[in-house]
Structure formats: structure tokens, C-alpha cells
Amino acid sequence: MEFDTIAAISTALGEGAIGIVRLSGDEAVQLADRVYRGKKPLQEVPSHTIVYGHIVDPKTDEIIDEVMVSVLRAPRTFTREDVIEINCHGGLVSVNRVLQLVLNHGARLAEPGEFTKRAFLNGRIDLSQAEGVIDLIRAKTDRAMNVALKQVEGRLSTKISSLRQALLETVAHVEVNIDYPEYDAETMTLDMLKDRAQFVRKEIDKLLMTAQQGKILREGLSTVIIGRPNVGKSSLLNSLVHENKAIVTDIPGTTRDVIEEYVNVRGVPLRLVDTAGIRETEDIVERIGVERSREVLKEAELILLVLNFGEELSKEDEALFEAISGMEAIVIVNKTDVEQKIDLTRVRELAAGRPVITTSIVQDQGIDELEAAIASLFFESGIESGDVTYVSNSRHIALLEQAKRAVEDALEAIEMDVPIDMVQIDITRAWELLGEIIGDSVHESLIDQLFSQFCLGK
């Protein structure tokens with residue numbers, strides 16, 4: 001497949017030691033040679049070699065920058081095209097001047113994700129691996145990065161391909177049965193079809209069992225801190241983040257809006273939201289914050305309900321318990337450094353079996369227990385780091401669920417003695433749906449949409 005030559009800055013913009021301008025395409029080496037000056041032309045440099053030289057404007061002979069240039073020839077590159085990486089001095093000016101010179105001499109500015117898109121279109125990676133690259137870039141914890149890295153390496157692709165192969169072999173047997181009915185192989189084929197379908201359904205179930213944990217690792221666990229004003233919600237946020245992100249005072253209603261922060265809790269990424277204290281108020285600004293808090297609460301996957309150890313349970317506290325009925329929650333009784341007035345027995349009754357943790361945030365007590373409770377609530381046996389293949393992408397999860405339904409339709413048809421060619425339709429449908437995960441059968445508009453999520457230069 002032939003493409004034009006593209007270029008982009010592949011390092012983060014801003015001050016730094018090194019900035020890299022990446023080129024990819026059939027003319028990448030020749031184009032770079034137009035602006036490079038070194039001991040010998042880049043076209044004479046062996047593949048996978050880095051050389052020293054200068055980037056020079058050929059029109060004026062002005063030296064733009066002192067550089068190291070990596071020469072990487074197809075097909076042993078990420079895009080399976082010729083690739084040039086110009087290592088410039090970091091900073092906005094030097095890297096942009098080199099990029100502009102390259103663009104002026106024939107390269108096209110790459111679209112977001114276009115390097116990875118070419119790797120996909122040229123068969124270097126499949127679609128699930130490409131999506132793993134996005135997850136790797138966006139990973140918020142080491143565990144999330146490890147899950148993404150396994151996807152980039154093809155762990156999920158291998159699993160999906162093996163399931164598709166099992167279905168394909170089954171379809172092939174069915175077609176032989178249909179084309180050569182004189183061999184009377186229908187009973188054998190139906191038995192085989194049932195066994196294969198049950199095997200594929202079981203393997204899909206195994207993948208879907210990792211979906212909740214995988215999605216949390218990929219997207220973060222939507223966690224909302226709620227409670228009456230001045231019970232220590234903002235102090236809790238600051239303690240978990242290990243920074244002063246929220247204003248902490250003794251004045252009720254200090255937090256008037258929703259504050260959101262990513263937090264790494266024992267390998268679990270939390271999208272932690274500190275809400276305005278939920279109470280009736282005449283303050284217009286605070287009232288808006290309270291309404292936003294109620295909206296955020298509806299979408300939360302985990303609630304951290306904070307109570308005051310030094311105050312009796314109020315009607316507002318009991319109303320909050322009612323508001324989170326049936327939701328995953330941890331109850332935090334804060335301010336154990338003051339005299340106890342709260343009825344902990346009643347708190348545990350209202351918690352209805354959910355964890356109750358006592359803390360004194362000002363004395364840094366109870367935070368370890370809280371973090372352990374959060375991690376165990378969603379990763380009861382810990383976060384697997386071995387051979388587990390996590391499914392973390394919403395698109396993959398939806399396709400696996402659809403493929404499972406198609407397989408179940410086939411099994412139901414077999415039990416009802418439906419003609420074998422009708423059963424084949426469901427099996428083929430499952431095969432196609434699994435193919436969409438790795439990009440074997442997917443619409444071009446979806447491909448464009450997926451790669452548009454990438455940053456420039458990747």
C-alpha cells in the first residue's frame with residue numbers, strides 16, 4: 001500500500017532536552033536528505049542507524065539546528081514504511097522550525113494518529129493493538145499501563161483470532177455438509193457445532209468476566225465524595241491526592257462546585273470527585289454546586305460518604321444513606337481526633353453491610369484502611385498481573401456481548417432442530433463480530449474515528 005510522506009512532532013511540546021520530528025512514507029529518506037547535511041547523504045546510511053549532522057535551509061544555507069537523525073527502512077519499522085526521526089534540541093522554536101522546513105520540502109503534516117493508522121493499514125498491528133496504543137498513552141497507573149501493553153503486544157488479538165479460527169473451521173464443516181449431503185454427516189456436524197459453540201461461549205465469558213476490572217483500569221473508577229458541609233470531604237480529597245487541590249476551612253459550604261482529580265489507589269485509578277456539601281441553602285452559588293453534586297452522584301460507580309465522628313447523625317445524614325441505597329459505597333466516619341458523639345452502631349445499620357472506616361485525616365489515620373477497602377471492593381482477589389487477558393475497551397465489550405448472543409442463538413437453534421444452514425448464519429455472525437474487534441471487518445468511518453483520538457505524531 002502506497003501513501004504520501006507525512007511528518008509531525010512526536011514529542012510533547014514545550015521545553016525539554018530533545019524534540020523529535022518524525023517522517024514516514026516512501027519518500028521519507030529522500031525528503032529528509034534535502035534538508036540534512038552530514039558526512040554522507042541519508043540515502044547511503046544503513047537502516048537502523050543514527051547519524052550526526054545539521055538541518056539546513058537549502059535556499060539560504062542557514063543552519064536551523066544541530067541534530068541526530070535515525071534512519072529506519074521498511075519494512076522493519078512501526079509503520080512498515082521508511083521512517084526518519086530527526087532528534088532536535090527541545091523547545092518550541094527549534095522543533096517547529098525543523099518541522100516547517102520538512103513540510104516546505106514535500107512532506108504533509110500528519111493527521112492525529114496517522115502513523116499508527118498506517119501501521120494498521122500496512123498490517124503491522126491490528127485494530128485492537130492500535131487501540132491499546134491509545135490506552136498506553138493515557139494510562140494513569142502502572143497496572144493500567146501493563147494491561148494496555150499486553151493489548152499492544154497482541155494478547156487480546158491472539159485470543160480473538162483463535163476463537164474466530166474455531167468458528168471458521170466449524171462453518172467450513174457445515175458448508176461441506178450442505179454441499180455434499182450424500183455423505184450424511186449432519187449428526188456428526190451438529191454435535192461438533194454444539195461443542196465448538198459451547199467452547200467459544202465459555203471463552204467469551206472468561207473475557208467478559210474481566211470487563212469490569214479492565215474498564216476501571218482503562219477509564220478510572222468514577223468515585224464521588226459526598227457528605228454534609230464541613231465533615232472533611234475536601235481534606236479527604238487532598239489526602240488521597242497527596243496535594244492541596246481543594247480549599248479546606250472550618251466554614252461550611254467552602255466547596256461550592258465539583259472538583260475532579262485522578263488518584264492512584266493501590267494500582268486502581270480513581271476519577272475522584274469532591275462535591276459541594278449537600279444541604280438546603282439560600283446561597284445561590286452554593287445551591288448550584290449542590291445541584292451539580294446530585295447530578296454527579298447519579299453517575300458514580302463508587303460513593304465515599306463522609307460523616308462527622310464528633311456530631312450526632314442528622315436527618316441530612318440519613319437522607320444521604322437513602323440517596324445511595326443499592327449503590328457501591330464506603331462510609332467514612334472522619335474526625336476521630338475529637339470527642340465521639342456519633343452512634344457507630346446506627347451507622348453500621350444504615351451502611352447495610354458496606355464497609356465503615358474511621359479516620360482522622362488531620363492526624364493521617366485510617367487512610368491506609370480506606371485505600372485497602374477501595375482496592376478490595378473492586379479487585380477482591382487483587383489485580384492480576386500474570387496471564388489474565390483483560391478486556392477494557394467499551395467497543396470490545398459490546399462486540400463480545402453481541403458475539404456471545406449470536407453463539408447462544410446458534411445453540412438454541414441446534415436444540416430446536418433448526419436446519420443446519422440456518423445455524424450456520426448465527427455462527428458466521430459471531431465470527432464477523434469478533435473480527436470487528438481486531439479490524440478484519442470494520443467500516444472505514446469507524447477506523448477514522450478511532451485514530452482521530454490519537455495525538456499528533458503518534
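From the backbone N, Cα and C atoms, a Cβ is placed for every residue, glycine too.
What Swiss-Prot records for this protein:
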- ARG22, GLU85, ARG124, LYS458: (6S)-5-formyl-5,6,7,8-tetrahydrofolate binding site (BINDING)
- 220-379: domain 'TrmE-type G' (DOMAIN)
- 230-235, 249-255, 274-277: GTP binding site (BINDING)
- ASN230, THR249, ILE251, THR254: K(+) binding site (BINDING)
- SER234, THR255: Mg(2+) binding site (BINDING)
Cβ atoms near ASN230 (GTP binding site) (within 10 Å, other residues, all chains):
21
Going by C-alpha positions, which of the binding-site residues (ARG22, GLU85, ARG124) is nearest SER234 (Mg(2+) binding site)?
ARG22
Over the domain 'TrmE-type G' (220-379), work out the mean pLDDT and round it to an integer.
78
So of all those binding-site residues, ARG22, GLU85, ARG124, which one's Cα sits nearest to LYS233 (GTP binding site)?
ARG22
Can you grab the distance from ARG22 ((6S)-5-formyl-5,6,7,8-tetrahydrofolate binding site) over to ASN230 (GTP binding site)? Cα atoms, rounded to a whole Å.
52
What count of other C-beta atoms do you get within 10 angstroms of the C-beta of ARG22 ((6S)-5-formyl-5,6,7,8-tetrahydrofolate binding site), across all chains shown?
25
